[in-house]
């Protein structure tokens, strides 16, 4: 079985081998056939290429021959035309000759004419022969050559002209293209010019808007400058008021007044804080409005300028805040100084010995320097109402020196006010007129104050008079230095003088008036005078109101509480030194005379307007004088 299978397989393999060999031979034969066909096709292609090259050569030759023939035809045409032209010329010449000959024949006779006619009949044949002969002649050949040369030259010129014409056409096309380009560029330039005109119009509009906004900004800047000046003047007034508070702090010796003054200072600080907050809110509103305007603008320079203005305003705000902080610190210092002065007053009250009993006879009361000071101020403010109001008190020789001293001090203070020291105007309301009973009762305290000031030390008064003597001839700086030296010498003997001198040096020029009064009213003389008894005696013509059992009164000057200035003389059972208190502008409610009498029956009021009508701030020149009465 295996052998038979193997044989079958071998037979199959052999059969397949034979088939493969046969197929290979067939494929080989086909390959040879294709190669032969390819060779034939290559040969045909080469032959066709050769034929094409031959055809091209032949076509070029034919074209050259055609061109040559065309040229030859043109030459022949020109020759024919020239020959025809010559023939016409010859015919014309022959006709002219015939006419001439006819004339001669007419002269010769008819026989000759017949012969000539016969000759004319034979002329056409002879003409043709002559033409042939002429063409064959040397002249005709020369003319033909010349004509041919002319034809060649004319053809060359024609070619040159054709070339030039083509060049000119090409140049004309280029020129037309350039013209079209120039037209296009011109159109583009016109469009650009129109666009630039539109841009210029827009720029003009924007510049007009910018100029208007710049003018508005200038107006705002001027307003802000005015506000800044007002703020600076307000700060200067606040500084002057603080200096007033410093000067007044030297005379605060009661226990109840420091608390009130601190409350007033706190109220003023609260008002200042409110004003600063309102200004800050207004400033923020303005800044927001300016920012809203600037959001729609593209001008960075204006933004930069506005930012610089904002920085300046912020600097001003910082300065105001610093001044506010300095005012708070000064108020605190005033509080500390008030406490120290209160302690010293308590110590001095404990150390003061009991006063001796008053003597039965009383000298005539000396003049009141404060009243004279007030009368001088009233004379300057109301000169018309000064003639009907006079004082009825006598003036001894000792009192004249004190009045001269006070008068000179008042004149100096008024000179300083006139020279430009601006004081803050005090808001004074209409004050009620003083009643005769209250005036009579208050003049008893004034008489006591006159007695106190009349018995001052002569040495201090003479020294102050010497210092005030050359006032008109000396300069302001020399007077200030002399007063400070006098205050330093006068206050060096008392323990309380050190504080006064230290604070008086820190005050501005207005403090020079208070330094003069301090030099005349030092601590020792006041203690020596207040140790003496000073009962009160009413002036002639006064009411029955008296102060009994009052050994040492306390005189206080209170500011106008919506009713003007008031001066109170408060009698106390305890022995104490006199105190003069100049209180700043208070915010308390006004008290009537009945309410004041209910609170303290021994309290008398003397209004500052007893010898003059009510003060009204009608002009800016009177503000300094009313403030000087506060000092």
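Backbone N, Cα and C define each Cβ position, glycine as well.
As annotated by Swiss-Prot, N-acetylmethionine applies to 1, with the evidence given as a large-scale study or a structure entry.
Secondary structure from DSSP puts residue 4 (phosphoserine) in a helix. Swiss-Prot lists 4 (among others) with the feature phosphoserine, giving a large-scale study or a structure entry as the kind of evidence.
The annotation coiled coil is assigned in Swiss-Prot to 7-353 on the grounds of sequence analysis.
Annotated phosphoserine per Swiss-Prot: 101 (among others), in sequence order. Cβ contacts within 10 Å of residue 101 (phosphoserine), excluding its own Cβ and spanning all protein chains shown: 16. Residue 101 (phosphoserine) carries a helical DSSP state (H, G or I).
Residue 249 (phosphoserine) falls within a helical segment according to DSSP. The phosphoserine annotation in Swiss-Prot covers 249 (among others).
Taken from Swiss-Prot, the feature region 'Disordered' applies to 343-404 (among others).
Look at Swiss-Prot and you will find 352-369 tagged as compositional bias 'Pro residues'.
For 375 (among others), the entry in Swiss-Prot reads phosphoserine.
Residues or ranges marked as region 'Disordered' by Swiss-Prot: 417-508 (among others).
If you look up Swiss-Prot, you'll see 456-465 (among others) marked as compositional bias 'Polar residues'.
Summarising the annotation, Swiss-Prot assigns phosphoserine to 473 (among others) and lists similarity to another entry as the type of evidence.
Residues or ranges marked as phosphothreonine by Swiss-Prot on the basis of similarity to another entry: 487 (among others).
Annotation source Swiss-Prot lists compositional bias 'Polar residues' at 490-505 (among others).
According to Swiss-Prot, the feature phosphoserine maps to 494 (among others), an assignment based on similarity to another entry.
The feature phosphothreonine is assigned by Swiss-Prot to 496 (among others), with similarity to another entry given as support.
Sequence annotations record features per position, and here Swiss-Prot assigns phosphoserine to 506 (among others) based on a large-scale study or a structure entry.
For the modified residues listed here (4, 249), the lowest count of other CB atoms within 10 A around the CB belongs to 4. Counting every protein chain shown, the number of other Cβ atoms lying within 10 Å of the Cβ of residue 487 (phosphothreonine) is 24. Note: the CA-CA distance between residue 487 (phosphothreonine) and residue 101 (phosphoserine) rounds to 170 Å. Rounded to the nearest whole angstrom, the C-alpha distance between residue 101 (phosphoserine) and residue 4 (phosphoserine) is 140.
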